[in-house]
Amino acid sequence: MADFHISKVHELMMNQKNIRNISVIAHVDHGKSTLTDCLVIKAKIVSKDSGGGRYMDSREDEQQRGITIKSSAISLHFQVQKDVLEAYTKEGDTNGTEFLINLIDSPGHVDFSSEVTAALRVTDGALVVVDCVDGICVQTETVLGQAMNERIIPTLVLNKLDRAILELEYPQEKLGEVLRRRVEGFNAKLSTLGYNFKVESLLPEKNEISFCSGLQGWGFTLRQFARFYLEKFNMNGFEGERKLTNFLWSHKVSCTSDDPFDASIKHIAKPNPARSPFVVYVLNPIYKVKELCNNGKVEEIKEYLKFYKVDFKGVVLTGSGKSLFKEVMKTWLPAADCILEQIALKLPSPLQSQKLRYDYLYEGPADDEVANAIKMCDGSDEAPVSMYVSKMIPSNDNRFIAFGRVFSGKIFPGMKIRVQEPGYSPGSEELSNTSLIHNKSVLRTVVMMGRGYKDVPNCPAGNIIGIIGIDDCLKKTGTITNREAAHNIRSMKFSVSPVVKVAVSAKRPEDLGKLQEGLNKLAQSDPLCVVERNDKGQNTIACAGSLHLEICLKDLQDQYAKVPIIADDPLVTYFEGISCAVSDSKMTKSANKHNRIYMTVEPLDQNIVDNLKDVKSDQAKTMATNFREKLDIRDDWIRKIWCYAPEVNPLNLLVDGTKGISIINEIKEHVNTGFRAAVNDGPLIGEVMRGLKFELKDAVLHADAIHRGINQLLQPVKNLCKGLLLAAGPILYEPIYEVEITTPNDYSGAVTTILLSKRGTAEDFKTLPGNDTTMITGTLPVKESFTFNEDLKSGSRGKAGASMRFSHYSILPGNLEDPNSLMFKTVEAVRKLKKMNPAPPTPDSFFDRL
């Protein structure tokens, strides 16, 4: 790696004021990776002449498809001019001119949104990239919402100016209007996102927005053009720069000439989009250069750009047209320079960010030792260690690197640490809790460098790091600490769900062991992918969408199992629910007939289901407070909640409604275990239950504990929960996509017909300005989405396309009483695919009688 030393990175890791941890986020194909390449080249990680580009896309399928599939990190070392820092940052906010940029390039395709979530969790700022022609698209909104949920500060890059100028040939006036609309649209969207965390509008005149062509490697903020014109306006210094920057974005003033160097030009207080300061002083010079490049007038280009103090020394300008324009523009306005300034000046350091995020990130009390250390980003040797592992990255030795962020303390090789899995709560001695703790030693600490990694001696708070040696005790994510009383860092909340699944098997029976090992590694490597094995021995993989599933199957066969596999047709992930309550207690007996359990069930309020993950707590008092403050619910039963399930993403409750049973707490863990087992394996089609509140009403128990152990109680509780679901009007919930279809106006009718034929809805029609295109937004059941894009292209001669993202779960139409209904047919088909008995069991088959 030319001119790059890992020792310099480690030195800068100690200077928290000058660390910038950032994610690059965008809609697919909006140009994130090409912009990232500009920064990597600027940092001299690779040479500007190295072919291919897309340095951060290390996978072969990423290079072939031209999209990012896995987020990848790199640590870059940059310098910013001292006078610029002094002028545009507060005193004390920075320390020196050298900056460490820990950058994560994340995917733009909606199927890989979980990778974006994992990146945002460990960063402090986001570089949001938006195609200036297409504007905010469905995935832009998704990732921006994720950033707001994680309390990440954004800054905006309006990219692909080359597309507007060279390909679509926008006139200056139109481009100026489009860019202004993009800024306004972004800020309007920003204002609607986030609940407890709001950020102010981003403004070009504050240099919070840059205008770039990542493909050609050029870009600018208004500050750069303001500096060009200081002499013309008889101004100097940074105060003059600020005034000119405000002037350049003003829409209330217009110019009397198109030539920025016309000596007679005047500025009048009358709006005129064709002669706004931005068009005249910023866009017109760029279009002038384009015209000269088209005619191959190299000497005239050099002469014209003397006005802007451009030095072409060492730059060979030849040819004409697009290639010459690219060379001239990236020499005049290098994209890396303006983006670097944005990152250094407008995004927060860990010291600033963690003051905003600590109370959201940390599950424990906001004033305990660990919370205070996170808040202050304390990286001293004495500080408690708190690190969050957001994903596991495969290494070359068939193991995994635990990748994450150190929020407090310092981590080094040989250090003794506690690895706490999601769901752990300090103070609880229940087996289900203590099994989530692992005492380990750190073998190595490494920084990620795109396609590889480098060892560092240690890592203090505020940095992104990889740890080697703990992959055997982390399934996907977790908290690392060195304090017994430390609570977990909050688990991530994904914007997508694993709604598409497929059954997989080994092509050769003798490869079953390798398949199982490969499935475990696949589940560990992907933040969202869920691998399950049912009691019939069938393995399934659940993913966010069809592309995510395709990638996971390829990785399973080629990278993890390394054996031929067979994949069945894809299914969608359903939830099992109920439509009514069962208020008369139902009963089951233990195998020895000495114990009886009585329960009822009722549907949970949807508001509780949607927010259960955020309000749950192991402490009854805290739980009651959370329900009251966040959901405005004050019911007495809240203090009697025994258990939530599933554990990671709870959707159901078990409440203790018994009275006067002195030994009831002695069976609590056994009942909870049976409840969890039932919730994860519903009786209809073996899927997870959703929105059920089970209440334990009574228990008749043997006096001797040996006769009421878990072996006696687990199965009766499991049976009771399953039977209650079947007795309460069982329903299925199916996943629904929000769909955004772009189609020529002439085909909007045909496209709408296709959408409606697949049980979709068309909720909004918007004509896009300037290109005779309609955008249709609506919903589409995931089950109907597998061939949707192909059907659209067939019905529009290849001219329509759709973007889809997970929206919500909705009740599947029909019922189990009508053989012609969709629900009946779905239950029948899924049970057949899962090799279950064709008809669901009856409620009474699970209950016992006195």
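Quick reminder: no glycine exception, Cβ is built from N, Cα and C everywhere.
What Swiss-Prot annotates here:
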- 17-351: domain 'tr-type G' (DOMAIN)
- 26-33, 159-162, 213-215: GTP binding site (BINDING)
- His707: diphthamide (MOD_RES)
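Feature map: Swiss-Prot annotations on the structure.
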{"residue": "Ala26", "record": "GTP binding site", "Cβ contacts under 8 Å, 6 or more apart": "Lys32, Gly108, Val128, Val129, Val130, Gln139, Thr140, Val143, Asn159"}
{"residue": "Val28", "record": "GTP binding site", "Cβ contacts under 8 Å, 6 or more apart": "Ile67, Pro107, Gly108, His109, Val110, Gln139"}
{"residue": "His30", "record": "GTP binding site", "Cβ contacts under 8 Å, 6 or more apart": "Gly108, Val129, Val130, Asp131, Asp134, Cys137, Thr140, Asn159, Lys160"}
{"residue": "Leu161", "record": "GTP binding site", "Cβ contacts under 8 Å, 6 or more apart": "Cys132, Leu175, Phe211, Cys212, Ser213, Gly219"}
{"residue": "Leu215", "record": "GTP binding site", "Cβ contacts under 8 Å, 6 or more apart": "Gly31, Thr34, Lys160, Asp162"}
{"residue": "His707", "record": "diphthamide", "Cβ contacts under 8 Å, 6 or more apart": "Asn592, His594, Asn595"}
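DSSP assigns Leu215 (GTP binding site) to coil in the three-state reduction, outside any helix or strand. Taken residue by residue with DSSP, Val28 (GTP binding site) is part of neither helix nor strand, so it is coil. Look at Asn159 (GTP binding site): DSSP puts it in a strand. DSSP classifies the residue listed as 'diphthamide' as helix under the three-state reduction.
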